[in-house]
C-alpha cells in the first residue's frame, strides 16, 4: 500500500492516496511478460533459461525484494480489542453513570456529616457491570478468532528451483524474481511464472478467476489479457497435472494474488448495522435522561432546594435512566445467536455480524461450490438417437435409464477405458459419489458414473489391458487409447476415443444404433447436431465417444503401436454417443433461493464461469425464476435481433464480464434497478468489487459469498462477507465476517432468519428492560416535587436492573420467531431502527405509566396502614428525613421516631420493588410478540417461564431472608401487600392484547403507525 510513514503529516493526503491505490488495484492486471519472447524475459530479469540464477545473485535479489510471501493483514492488538469492549458503544453510558455517582458521593461526603453510601455502591456496581460484560464479549470474540487461527496451515511450502544448473528444493519464501522454477501435478505454484516449456501441464485457476475447469499451460502467448493467456501461471494456484518450467516474474505482494490480497486489506470497513443502532439508542436514552435531569434540576431550584441538593437530584435522575442490565443482555443475546448459528454450520467471527445478516437485502453469491456441489457429474447421455437423463442427485434417488442397450454397454466401455482417472486407495466402503479421485473433474465424473451404472471400472480395465495411449492435447482435442479385448476368442485390438464432439464426429464413418453399426448419413449428423446444441444450451460440457475394432490382419497380437508417429488408423471410426456433464446445484439451494425471494432478498449470481452454464444453473436453482426471460430469450422467441428488444421488457439478465468492463457506474446502476434477476458471468475479482459497490449505492445491505482469493476484496467491502470453510482460501476467510462450515448456500438463509430473529428479540428485550425505568424514575420525581418520603431507593433500583430483570430480559433471546419473520421485506436501516420513538412511547408513555401506578398504589397502602394518609404526606419530607425530629405525628396523632419512620420507608421501598416485579410479569409476557397474540405464540419458551419464577423467587428472597434489613435495607412484607399490584399487571396484559388485535385487524392503520415498534 505504499509507505504510510511519510503520510502522517496530513490525514487528507493519505486518504486521497489510499483512494488512488484502490483505484489502481481495481484496474485489471497490468503485465507485459506474456507478450515477450523467452529470450527477452531472461534478459529483463538477468537470468539464464537453462542455468538459472547464481546463488549470490539470488541472495542479492532476496535482500532487495524481501521474502516471497503476502504481507499479513494488519491485525488489531489484543489490548485494543479489550479496550474497545470496555469503552465502546453502550459501556460509555455506564461509565458516565459511574463517574456521576462517585461525583455525587463526593459532594455528599463534603457537605454532610453522615453521608449515605448509596451513590458510592451504585458507582462501584456500575463499573463492575461494565468490566464483567466487557470481559465476557472479549472472551467470545477471542474464541472465534482462535478457530480462525486454526485454519491457517503452518506447513512451510517448498519449491523446486534451478540455480547454477542444479535442481534444488528451497522454501517458497526464498524464491526470487528471475529464478527458474519447475512445477508438476499436485504442486502449488510458488510465484507468478512465465512458462518457457510445458508437458501436458494444466493448472486450476479457480481460486483466482472462479473458472472451475483446469486450464492448459504452454509457452505461447494466446491472449492479450494476462489472466487468460496460457503462458503465465499465478502464485498460489495449483498445478493439476503435467510438468512445466518457468521464469519467476513477480513475488509476494507484487504477484496478481498479492495485489488482490492488498486490495482486500486496504478497503474501508464501515460500521455494522447493529453498532449504528446501538449508537442511535444511546443517543436517544442519553437525550431523555439529560432532558429529564435538567428539567428537574431547574424545577428543584424553583422549589427552593439548595444548589448542592439540586445537583444531587440531577445526577440521581440521569443515573436512574441508565438501563444497567441492558449491556449484558445485548451481549448475551448476540452470543447465544452466534452459538446457535455455529450449530447450524455458520461460524460468526464478530458478534455484531450476526445481526447484519438479518438486515441483508441483496446476496451476491458465487456459483461454484456454493450454489453447486463443486463436483462435475454426468447429467445426460445421447445414444440410440435419444437423450437419456442421468441421476445427478446427491443420494441417487433420481431418474434411471435403460442400461441393457448394447450401445450403452459400448459407450460405458469407452468412457471407462479412455479415462486416466482412478479412485484413491482404501475407499471401498465409502459411497462411490463421496470417494476421492486422482484425475481431472470431467474424467472423475465419467469414472463415478460408469462405476455406479456398470460396476467396477478397475475390473473392466484389468480385463481390457491398455497397450497404447495418446493423451488429450489442445491441438487435436481428443484422447485415445488402444486395448486388448476381454473376449478370449477375439484377437482384435479395440481403439477407444473421446473428445470435442464435432472433432470426434468428423473422424467417424458409421454410428452405433441398437448395437448395430449404421452408415453415418446427413440425417444422423443433423440428429447429432440437435442433441449437441440442446445439451450445450443446458450449460453442460459435452464430450463425444467413438470406438473401432482394428482389423486383425493389419494389427496382429503384439503389434508395436507408435503414439508419436501414429502407425494406425484414426479415421472411419464408429460414433457411439455423447455424454454431458455439469456441476449440479446443491439439493437445498432452490428452496433457499425461494425463501430469500419471499423475504424480499435479491439473489445475484456472480461467477467466473461461462454465461450459458451460469444461466442454466441460475434457472436450475431459481435465481432466474420460471417464465422470466432475458433479452436473448425474448429475441429468440420473437425471432428478431437482440438489438431490437427493449432491455426493460426483460426481468432477468445475464451480463458478460467483458461488457461489464466498459460500463459506467450509471449503466451498472440502471441494470441493478431495472432487472430483478441478475447473473454476472465471466467476471474478474475487480468486477466483483464493482458489483458490490453498485448494490451499496442503491442503498442495499449486501452479503457476498465466496471461496477464492479473488473474492476477498468483495468479501471485505460487503456489509457481511461469507467465506467457505471447506473450499475457502485463507485470504478469503480472513476477509470474511462469517464462515459457512458446510459451504452450503442454504446455511446463509438460516443465517438470515437468525439475524432477523435476533433483531426482533433484541427489540423485545429492550422494550421489556426500558419499561421498568418509569416506575424507577417517577418515585424520585414525586419525592422532589411533592416533598413526600422517598418511595424507592437506589439500592432497590439496582436489585431490579441487575437482579430480577436480568434473566427475563435474556430469556427473550430464546423466543421463537413470529410467523411472518421470513415474509417481511428486509428492514430499511434508515427508517427501521432498533429503538424508535414508538418503542420509547410504548415503554415509557404507556406500559411504564401503568407500572408506576401499581408501585405507588402499594406505597400509599402501606403508609396508610401505618397511619400516614396520602393527604398528610405532601410536604412532610424535610421533617421525615431530619435525624433530630423524634416526635413526628401521623394522621392519627401517633408519634414516630426517626428510626421507626425509616423502617416504614424501607418497607415501602421493598413493596414498591415487589410491585415492579409483579407488573414486569405481564410486561415479559406481552413482550414475547410484536404483532401476534400471546395465545397464538404459546408459552413454549422454557427459559422465559424459568425467568418468571426466578424473578419472583429472587424478590421473595430479598424480602424475607434474615439479615437483608441490614445488608440491603429490605424488609419482610405482609402477604396481602404482594397483591396490590396484581390488578395493574392484569390491566397491562389486557391493554396490550387489545392493541395487537387492532394491529392485526387493521394493518397500516393509526394504531400501527403510533405503537408498532
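Note that Cβ sites are derived from N, Cα and C of the backbone, with glycine treated the same way.
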In Swiss-Prot, is the topological domain of residue 49 the same as that of residue 304, meaning both on one side of the membrane?
no
Of 10, 218, which one does Swiss-Prot label phosphoserine?
218
Which candidate in 37, 206, 404, 665 appears in Swiss-Prot with the annotation phosphoserine?
37
Fewest neighbouring Cβ atoms within 10 Å: which of the modified residues 56, 218, 265, 442, 933?
56
Show which residues of the chain containing residue 707 (Mg(2+) binding site), separated from it by at least 6 in sequence, have their CB under 8 Å from its CB.
207, 366, 368, 369, 370, 723, 724, 727, 728, 729, 732, 743
Of all the recorded positions here, 37, 711, which one's CB has the most other CB atoms within 10 A?
711
When you rank 218, 265, 442, 711, 933 by Cα distance to residue 56 (phosphoserine), which of the recorded positions ends up on top as the closest?
218
Tally the residues of the topological domain 'Cytoplasmic' (143-278) by DSSP class, grouping H, G and I as helix, E and B as strand, and everything else as coil.
35 helix, 48 strand, 53 coil
Inter-residue C-alpha distance, residue 442 (phosphoserine) and residue 218 (phosphoserine) (nearest angstrom):
21
Determine which residues of the chain contact the topological domain 'Extracellular' (961-975) at the Cβ level, with the cut-off under 8 Å and only residues 6 or more beyond its ends counted.
793, 795-796, 799, 903, 906-907, 909-911, 913-914
Of the recorded positions listed as 218, 711, 933, the one whose CA lies nearest the CA of residue 265 (phosphoserine):
711
Please tell me which one of the recorded positions listed here (37, 711, 933) sits closest to residue 218 (phosphoserine), measuring Cα to Cα?
37
